Amino acid sequence: MLLCTARLVGLQLLISCCWAFACHSTESSPDFTLPGDYLLAGLFPLHSGCLQVRHRPEVTLCDRSCSFNEHGYHLFQAMRLGVEEINNSTALLPNITLGYQLYDVCSDSANVYATLRVLSLPGQHHIELQGDLLHYSPTVLAVIGPDSTNRAATTAALLSPFLVPMISYAASSETLSVKRQYPSFLRTIPNDKYQVETMVLLLQKFGWTWISLVGSSDDYGQLGVQALENQATGQGICIAFKDIMPFSAQVGDERMQCLMRHLAQAGATVVVVFSSRQLARVFFESVVLTNLTGKVWVASEAWALSRHITGVPGIQRIGMVLGVAIQKRAVPGLKAFEEAYARADKKAPRPCHKGSWCSSNQLCRECQAFMAHTMPKLKAFSMSSAYNAYRAVYAVAHGLHQLLGCASGACSRGRVYPWQLLEQIHKVHFLLHKDTVAFNDNRDPLSSYNIIAWDWNGPKWTFTVLGSSTWSPVQLNINETKIQWHGKDNQVPKSVCSSDCLEGHQRVVTGFHHCCFECVPCGAGTFLNKSDLYRCQPCGKEEWAPEGSQTCFPRTVVFLALREHTSWVLLAANTLLLLLLLGTAGLFAWHLDTPVVRSAGGRLCFLMLGSLAAGSGSLYGFFGEPTRPACLLRQALFALGFTIFLSCLTVRSFQLIIIFKFSTKVPTFYHAWVQNHGAGLFVMISSAAQLLICLTWLVVWTPLPAREYQRFPHLVMLECTETNSLGFILAFLYNGLLSISAFACSYLGKDLPENYNEAKCVTFSLLFNFVSWIAFFTTASVYDGKYLPAANMMAGLSSLSSGFGGYFLPKCYVILCRPDLNSTEHFQASIQDYTRRCGST
């Protein structure tokens, strides 16, 4: 507040000097003032293009040094029409007359001058600064205008300490909605915040992620470009090139040539131009001069429908122009009002006499010279802007209507302070020619944008409304069938740094922009989530994905199920073996006292058959989903059972060698072996050693059910962990040593009596056992699939079958098929024959 006060004190001196200067040498037009019960101010750019540099602290004389601005003229007339309609209305502000003071704000100095004029006390040449501004009554109650963001910010800052309502028809910058800085600012044009969001949605809709961005150097352009860059990059859009055109930019100068070169080199098909009309004209004249064609130009509302831009010679060759435009609205009767003004007899400008209250910028000689056939044409862009000025006047009138209590049909005529009117204007909500006029909490209008495309019919320009943008939130509605693209087959132009990757390919950024990338397929076991296109994510433990996948699939859980044909075959074979073992045990029990059974070991055969049955029973643990009991028992029980069988086989062969070869040669050893029950002791010790190995194995390297994920990317293997342990290896090495011992003993007994000579059968069974396990371990080294347990079971079944077949089947054959060989006489004859052979040698 102190800063504003200090500025106003300094400006008070300036305004006194300026008025003194103006009143000596200027004139004013009666069209700029209208007396009334309550006055409004209108700030309009009736002139523009004031290029001279001031060397003295003087206000620009718009009528003398600037060119006529047709657009500003239509705004000027829209306010005059609005006030006239309100004064003629019996419903709105009955028995109250509105007056106005209109100013030509062709330059910043003219704008400051006009603002200070409306802030001054009625009939005074100064602004009275006092501690309490609550009861300060300036010349006007409200201000309509000015046109640009820069000038609106200046005016709003000066009006803010006094809370004089200011309704701008053209200042769209988002910063003006900050009420801490501009508490009395309202507007009838949409906030640039929504324009920027609309542009981003437009870019996203057509997949344009690689764009160039150009703005003007005023607040409108710079703030708009900055906001658009922030929002666009936040939505994954990359800015290939960005530049701001200076106020001094001219067609063909080095600055614009450099800008054109960079635009061409950037390679972006889409260029967003967020600029004022004046610099947009310079820009597109440079584009035409450089022959920069084949692009899509996205226009901000300031120039999207401006004839000032469409009139650039050769602009129809530059490519496609899409734009965001203020929703097309017409001021009813404005054209007729302007025509009537052109036909009317104008009063001559009155001179400013010393001490009078007039201004050099309340004069428009061109306006007074208009005839019906020379008056400016009312075009779409000017009509939309004029409507914003028109409804700003009505918003003030409705606020004053409520403040004066006019709802009863008659208005009170008490003193009104600007801050009181500001509160009422913020609350207005009414229909104006079927258009709702109201303000949100930021005092922005409830409005919308049109999305337009330029059309050319030869040299004639027109535009097509493609859709609209509404808020909040911002939503874009476009009828794409109305768009005629300037490319092959009416296809949407592409504006990307890199084309989209194939499904399942991640983007690897090259350079500084995330829109520029290479496509690399996701590795096996990873997938590309659409939420992050730049990083392949790993699948879950129970999932898998092939290379280049955008989703994960559940892994297939595999194990040797009972329902499989392989399982049926193995199950039948193992069951058959068990039945044979059981049948053999019964057969041997029935013929226990026969020579064949006694020579096979007698009761020791039942231990051998039982151990084989235990090993066979353990094989059932390989079927179905692995469980803890199955994992604990299946390999250990098999190893222990086969150890007992091999121990019995070894000791049986060794015992025959002792009887027939060492009983006479080494009688002491023979008697010690028999008296100390060497056979049973050997079997017990050998089995105990294997039992110790197995117990250590089960305790230290406990076999447990496990889910294996590494071998196959798409499978989960259910297995036991026994084959990965040292205990498993030790147990099978121990059985290997026993097999070698049994083989050696059998080989040493190859020349025993025929009925006791089992070398051939035992050798065959042991060799088959070796081959079976060598085949299994070879298979396991190259194959890790679901049928590995089946291979393991087959090796075990082969070992058991070879042991049973090599040792017991020949004896079963003699018992069942050759009972003549199962006699004491036959065995005695065989022993006698062996004795004769040994004696002869």
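Placement of Cβ uses the backbone N, Cα and C atoms for every residue, glycine included.
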Per Swiss-Prot, Lys179 shares membrane side with Cys761: no
Candidate set Asn88, Asn822, annotation N-linked glycosylation site, source Swiss-Prot, matching residue: Asn88
The annotated transmembrane segment range in Swiss-Prot, which must be one of 103-123, 292-312, 796-816: 796-816
Annotated transmembrane segment segment (source Swiss-Prot; candidates 268-288, 604-624): 604-624
Which glycosylation sites sit within 10 Å of Asn87 (N-linked glycosylation site) - Cα, from Asn95, Asn291, Asn479, Asn529: Asn95
By Cα-Cα distance, the member of glycosylation sites Asn88, Asn291, Asn479, Asn529 nearest Asn95 (N-linked glycosylation site): Asn88
Stretch of maximal Cβ-Cβ contact with the transmembrane segment (796-816) [cut-off: under 8 Å; candidates 604-624, 640-660, 762-782]: 762-782
Per-state residue totals over the topological domain 'Extracellular' (625-639) - DSSP helix, strand, coil: 12 helix, 0 strand, 3 coil
By Cα-Cα distance, the member of glycosylation sites Asn88, Asn291, Asn479 nearest Asn529 (N-linked glycosylation site): Asn479
Nonlocal neighbours by CB distance (under 8 Å) for Asn291 (N-linked glycosylation site), same chain, sequence gap 6 or more: Arg317
The transmembrane segment (726-746) and the transmembrane segment (640-660) contact flag, 3+ Cβ pairs under 8 angstroms: yes
